[in-house]
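*Asks:* Okay, handing you the structure first.
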Amino acid sequence: MANKNPLQKPFLFIILSINLIFLQAETTTQISTKKTYVIHMDKSAMPLPYTNHLQWYSSKINSVTQHKSQEEEGNNNRILYTYQTAFHGLAAQLTQEEAERLEEEDGVVAVIPETRYELHTTRSPTFLGLERQESERVWAERVTDHDVVVGVLDTGIWPESESFNDTGMSPVPATWRGACETGKRFLKRNCNRKIVGARVFYRGYEAATGKIDEELEYKSPRDRDGHGTHTAATVAGSPVKGANLFGFAYGTARGMAQKARVAAYKVCWVGGCFSSDILSAVDQAVADGVQVLSISLGGGVSTYSRDSLSIATFGAMEMGVFVSCSAGNGGPDPISLTNVSPWITTVGASTMDRDFPATVKIGTMRTFKGVSLYKGRTVLPKNKQYPLVYLGRNASSPDPTSFCLDGALDRRHVAGKIVICDRGVTPRVQKGQVVKRAGGIGMVLTNTATNGEELVADSHMLPAVAVGEKEGKLIKQYAMTSKKATASLEILGTRIGIKPSPVVAAFSSRGPNFLSLEILKPDLLAPGVNILAAWTGDMAPSSLSSDPRRVKFNILSGTSMSCPHVSGVAALIKSRHPDWSPAAIKSALMTTAYVHDNMFKPLTDASGAAPSSPYDHGAGHIDPLRATDPGLVYDIGPQEYFEFLCTQDLSPSQLKVFTKHSNRTCKHTLAKNPGNLNYPAISALFPENTHVKAMTLRRTVTNVGPHISSYKVSVSPFKGASVTVQPKTLNFTSKHQKLSYTVTFRTRFRMKRPEFGGLVWKSTTHKVRSPVIITWLPPL
């Protein structure tokens with residue numbers, strides 16, 4: 001059809017031209033916008049004219065930014081950090097175009113964009129057996145205990161807490177190279193023989209978010225958030241009698257390694273934690289001389305060569321530092337783990353045998369069990385019924401109103417009533433605040449399918465009880481179908497001896513480790529639900545700004561809480577065995593872990609009450625008493641970890657980010673099978689090729705028990721494969737002697753799902769258990 005409007009084509013051309021101009025402007029803006037990149041360098045490639053690495057790094061930045069005007073900014077202002085201990089490199093602000101050019105430069109191994117990380121947010125020592133009579137040998141006072149320094153990367157520390165009292169501690173070892181940095185409300189005297197180091201890292205954070213508002217948080221090691229104080233006290237807090245939260249969990253609070261020392265590295269702020277700051281803290285902590293690093297945060301999963309934390313902790317491991325990280329709070333979804341590198345000990349969360357019971361009584365019909373940490377001025381008489389309301393559409397499918405989001409509740413419908421709120425979307429305590437502001441007098445917090453029957457107690461601002469999914473559905477159904485629904489709430493205090501326990505926490509992130517199915521993750525479980533530990537004096541226990549309450553101890557849940565349990569036990573082991581490598585300590589923790597609860601039944605999963613698998617609990621639940629004397633260990637050195645990386649289809653340049661030492665090369669000692677890494681867990685992965693019917697994996701154990709000892713092997717039966725171990729007996733004649741064995745898997749028929757079991761070496765005094773996983777990939 002002919003064009004009848006002579007203006008149509010020119011007008012269309014103008015519109016298209018304008019769109020192209022905007023598109024080009026937007027693209028140009030994206031390319032020219034600076035952000036932080038972590039640049040990994042090959043230090044051995046530094047040319048002779050340069051006298052130091054900083055000079056060389058500056059020239060590299062200059063080479064890609066030299067077209068910028070001097071008025072715009074100096075190149076040295078682009079550099080935020082340099083890294084020289086755990087790994088070699090720098091963090092700098094670059095545009096996308098500059099970063100791409102820099103990656104082409106000689107000596108530059110990798111240029112990785114800044115990553116934002118998130119925090120993974122008394123009774124536990126007793127539950128772990130560290131207060132039984134036989135535990136005296138573990139907590140018996142030794143000078144070597146005082147020599148272990150645990151670096152805690154978190155939100156800082158509240159030094160006035162009684163948990164950081166240094167009474168009875170020996171002088172700080174001369175080998176310690178750390179420092180106490182001063183700043184707002186943090187002086188040199190805030191450090192002592194317990195807190196031996198305190199540093200802050202914020203350049204990456206400020207580059208990404210702008211200057212820190214010092215009216216809202218301290219630009220110093222002082223902790224306003226509370227998370228860092230809680231984790232540091234869990235690792236190595238001194239004993240404090242009468243510790244409690246509003247009378248709940250009353251008892252003696254103490255860290256796992258109560259005589260170890262703490263160095264606080266503040267890397268997390270109101271807006272999160274940034275990789276350039278975290279890496280600088282790891283680098284500095286290793287230079288300071290820490291023996292253990294406790295890192296309760298995560299930032300998703302990247303390939304090994306693009307994961308800056310993985311690269312930095314590889315360097316820490318090379319320097320003999322044990323690294324413990326939280327698995328994440330992404331459970332119960334599968335493949336939700338973070339921090340999956342084999343040289344990192346990845347910790348999931350479990351419950352303990354302590355609870356904070358509360359009840360919800362609906363009408364005169366029945367009573368439902370729940371939990372609560374509420375203690376406040378408002379008390380609802382337990383014998384009085386109050387109107388009960390649920391504003392969701394149905395009992396099974398939560399909606400925006402049922403989540404009690406801010407502004408979603410109408411005072412006309414909730415004033416003077418107990419309100420039912422579904423768990424999820426917003427923090428649990430915030431829901432109670434929303435109910436209170438709308439005039440509600442109480443809250444029933446109901447789990448959804450995601451959380452199942454797992455109960456997490458909170459210090460709410462109004463009377464509130466949390467209940468499981470099944471109970472929640474019944475309570476909601478009653479509220480929706482009864483014309484005059486009523487309920488009463490009763491808070492019952494603290495109860496111990498809960499069965500079954502431990503149970504895998506529903507929120508604890510799950511495997512498998514999709515980067516490397518041959519490496520089991522998480523590695524193990526530790527207590528992470530309702531943990532009492534020290535707290536900041538600047539934040540309410542609910543972490544709500546409107547909450548005026550202040551406490552010395554708080555109860556928190558998360559893999560953030562389980563990680564420092566393992567870090568503390570690792571410090572105990574290090575103090576008893578100072579010559580052990582990080583891998584030996586990890587092996588001791590994993591091979592002594594248990595997989596049955598206090599009812600002698602297999603560990604279960606709180607999200608569904610079904611038995612858990614190694615993808616949920618790893619090698620099992622930590623057992624500190626046995627971990628200090630494991631009998632045998634599976635040791636792994638830096639070169640063998642590097643050999644593992646050689647099996648991961650990484651290019652020579654990608655492998656280079658892990659080689660501080662230029663002479664480290666692939667020797668292919670694992671026969672191109674990552675399952676041959678001398679890991680304490682054994683994973684056989686049959687490929688898509690159905691012609692592969694058999695597979696043999698090799699392990700080597702080191703005797704750290706009696707000089708003369710004999711171990712016999714036993715293996716769980718599997719449906720889809722036969723498993724043969726050779727030899728069946730290991731006879732040791734000296735301490736530190738190494739012996740090897742092979743495990744051969746022969747497929748009977750390919751199973752659609754992985755099979756789980758265990759391999760145990762047993763002597764008259766020790767039992768050394770490794771989880772075994774057999775996986776058949778679907779045929780092509």
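Keep in mind that glycine also has a Cβ here, set from the backbone N, Cα and C atoms.
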*Asks:* Swiss-Prot tags one of N339, N663 as N-linked glycosylation site; which one?
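*Replies:* Candidates were N339, N663; Swiss-Prot attaches N-linked glycosylation site to N663.
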*Asks:* Here's one to test understanding: among the recorded positions D154, N165, N394, whose C-alpha is closest in space to the C-alpha of S560 (active site, charge relay system)?
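*Replies:* Result for S560 (active site, charge relay system): the nearest of the recorded positions is D154.
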*Asks:* These are the glycosylation sites: N165, N663. Which one scores highest on other Cβ atoms within 10 Å?
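*Replies:* Of the glycosylation sites N165, N663, the highest Cβ count within 10 Å belongs to N165.
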*Asks:* Measuring Cα to Cα, how far is D154 (active site, charge relay system) from N663 (N-linked glycosylation site) in Å?
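*Replies:* So the alpha carbons of D154 (active site, charge relay system) and N663 (N-linked glycosylation site) sit roughly 35 Å from each other.
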*Asks:* For a quick check of understanding: among the recorded positions N394, S560, N731, which residue's Cβ has the most other Cβ atoms within 10 Å?
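*Replies:* Counting Cβ neighbours within 10 Å, the top one is S560.
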*Asks:* Compare the C-alpha of N165 (N-linked glycosylation site) with the C-alpha of each of the recorded positions H227, N394, N663, N731, and give the closest one.
*Replies:* H227
*Asks:* Using DSSP reduced to three states, classify S560 (active site, charge relay system) as helix, strand or coil.
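*Replies:* DSSP call for S560 (active site, charge relay system): helix.
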*Asks:* Which one is it: of the active-site residues D154, H227, which Cβ has the fewest other Cβ atoms within 10 Å in this structure?
*Replies:* H227
*Asks:* If you average per-residue pLDDT over the domain 'Inhibitor I9' (36-120), what number do you get?
*Replies:* 87
*Asks:* Specify the nearest of the recorded positions H227, N394, N731 to N663 (N-linked glycosylation site), where nearness means the distance between Cα atoms.
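*Replies:* Closest by Cα distance to N663 (N-linked glycosylation site) among the recorded positions H227, N394, N731: N731.
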